[in-house]
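Per Swiss-Prot, the features are:
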type	residues	note
REPEAT	23-62	repeat 'WD 1'
REPEAT	65-104	repeat 'WD 2'
REPEAT	107-146	repeat 'WD 3'
REPEAT	151-188	repeat 'WD 4'
REPEAT	190-228	repeat 'WD 5'
REPEAT	231-272	repeat 'WD 6'
REPEAT	275-313	repeat 'WD 7'
Amino acid sequence: MAFPEPKPRAPELPQKRMKTLDCSQGAVRAVRFNVDGNYCLTCGSDKTLKLWNPLRGTLLRTYSGHGYEVLDAAGSFDNSHLCSGGGDKTVVLWDVATGQVVRKFRGHAGKVNTVQFNEEATVILSGSIDSSVRCWDCRSRKPEPVQTLDEARDGISSVKVSDHEILAGSVDGRVRRYDLRMGQVSSDYVGSPITCTCFSRDGQCTLISSLDSTLRLLDKDTGELLGEYVGHKNQQYKLDCCLSERDTHVVSCSEDGKVFFWDLVEGALALALPVGSNVVQSLAYHPTEPCLLTAMGGSIQYWREETYEAEGGAG
């Protein structure tokens, strides 16, 4: 007799708080996982960038060199370098191991809201309130960007990179997708100022959050609206959104102190996770596991699924 095929495990959502870390760097403007999810970065209003092991709750290194608050950061694919951007209008390339500044890229006319490496970590992309996305060659000694994308009519709030494509969300209410191979740009008009954009992990869709307290899932190639997700509050702050590690759920920060999870296909609210009484400023989802980082005030919170048991106890 043949045994029935085991059903695929239903996705679990991270709702067990494992750790709260006081980052001691003023307000945490952004929290980001590194490429494999073992470490995380926090961006502080005190001009510092910090590298942590979030499960152990240990601070590994502090990076100092910005002249104003740090607003975003990212790690390279090989964990050797970091990039960051901030209120001082600069983009900084860091050596992870030494903590030293490798390069400072200047040229933006306003604060840098968002930074990303390309997949090879040879180029840093930065988006600024000056309405431009700039591409900086990490290996060149030239101070100018190798490319400037200036189609936006208002500040850039979010930049994401996938293979040969750049996704840029703007306060002008448009998401622009640049195909670098074809030299083409396509634009989807949402209307409300955009706070965050991201690609789905399968690369087929884009997720967009905006200041009308709505998230929208679009077909990447056609711009067709595939889903809308509401219930959270996002009316005045630049808040993060993302998809869960298996593209099963849409996840968003909220101004009412919660993180909201919706079923991607059904659009139904799956969980409103209470974090605290203030705005959930930033979040990051683990690349392969049901694990979430949130930032509120001066601390970050580390969340796992209910069934998770840390090695050696939860600490």
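We count from 1, first residue shown onward.
Cβ atoms are placed via backbone N, Cα and C, with glycine included.
Under DSSP, the residues of the repeat 'WD 3' (107-146) split into helix, strand and coil as follows: 0 helix, 17 strand, 23 coil. The repeat 'WD 2' (65-104): residue composition by secondary structure is 0 helix, 22 strand, 18 coil, according to DSSP.
Long-range contacts of the repeat 'WD 2' (65-104) within its own chain (CB-CB distance under 8 A, at least 6 residues past either end) are made by residues 26-27, 29-30, 32, 34-36, 39, 41, 43-49, 51, 110-117, 119-121, 124, 126, 128, 134, 136, 138. Counting residues per DSSP class in helix, strand and coil order gives 0 helix, 18 strand, 24 coil for the repeat 'WD 6' (231-272).
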